[in-house]
């Protein structure tokens, strides 16, 4: 078997979306599984829609996820350049060869003329191009030229055959050539279209397998016809193998749109999804390691991935499942690695100060690693550490529930016990020993009653890292200041929020 060569060739429009990244991932995984090559090129021939910002965003998304490539943008390779906008001379040369070989022909008909011919023949005027110009005489061509018309160039399809191919995802495919009109490969100004340059680049770069989205399935017969024309003029060697990946759907099983917030890859990154979690989840959009194994590493993906195992059915993007898988990958991280990633994330996205003590942060990170689904969750759990004592606001619902009249006694007792602990001994174990002895054993309070009020008083909310560790992180002074402030607000009398 010859070396597998796959490609990822997005257009730089908009923000990277999960469907696009899933395509990149499957190409990457297939290349790595087979020991082949991944080529990364940019299809930027649409000057009105393409932007450098989007171009850079695509590169950033691949680098964030750790999806590397063997040839292409920034890496170089034997088929440079890898941006279509820089390959126009190549396309023009091949277009001239196609013209000379009679594989393409000039078409002068306007859309209105095509519709009129359909109407005159009793056909649906919206049927599309009718191949009229394919058989123009020299005189007719000369007359159109005399009118000042500039032709588009269309590829001659074989309408007397069936276009067949074996799709690695969908099986045997068969399309009647009669249903495929001759299609435009170059505009009247000579500019080549996607219909020409995409397959042409694949041919010139030796692409053996085209793994792409299901939305491009209808174009496959036309591309096969173009490949065959390129083979006849000596530009291509073979028609590649195709595999069309299933749609990614959203709510209601409709195709996930670029406008859907959950389709935006960077929304997930900014919320604190880590690359391992995102890649694991995207792999499941059409593929699985086994029926009962959803969590796996990229090494396992590379070892087991085969494009033939991808299912053709639409794959629904389930945000909750993505977060659950991400939580598993967060827990799988080495503590030091997790701590560094969390710190970088909180400083970049949540405004955490760079000078927050490293030892305290490491302690805090260890407390939340098993309690969060995305890195952003840690900010909600740990924000109380950054809040000045006098600025701490109690979450009303939690305070009403936990700071009732009955909370005064455990708050007073806790303050008394904690005051007796020396500053240098204000650590988790002595704190827990003192409070559990007084509140649980001597006062015979249930832990929920005893500690609920303390938690709300020092953290401002009912959900936090473990209570005694949180007190150690705050330190003796801040802990006591907050407990006294909580006692002053007990029973909590904040007004009910308006519905």
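Glycine is treated like the rest: Cβ placed from N, Cα and C.
Your range for motif ''KMSKS' region', going by Swiss-Prot and the list 255-259, 260-264, 265-269, is 255-259. If one looks beyond the motif ''KMSKS' region' (255-259) by at least 6 residues along the same chain, the residues whose Cβ comes under 8 Å of a Cβ in the stretch are 14-15, 17-19, 247-249, 314, 317. Its Cβ taken as reference, residue 258 (ATP binding site) is surrounded by 13 other Cβ atoms within 10 Å in the chains shown. Across the motif ''HIGH' region' (10-20), DSSP helix (H, G, I), strand (E, B) and coil residues number 3 helix, 1 strand, 7 coil.
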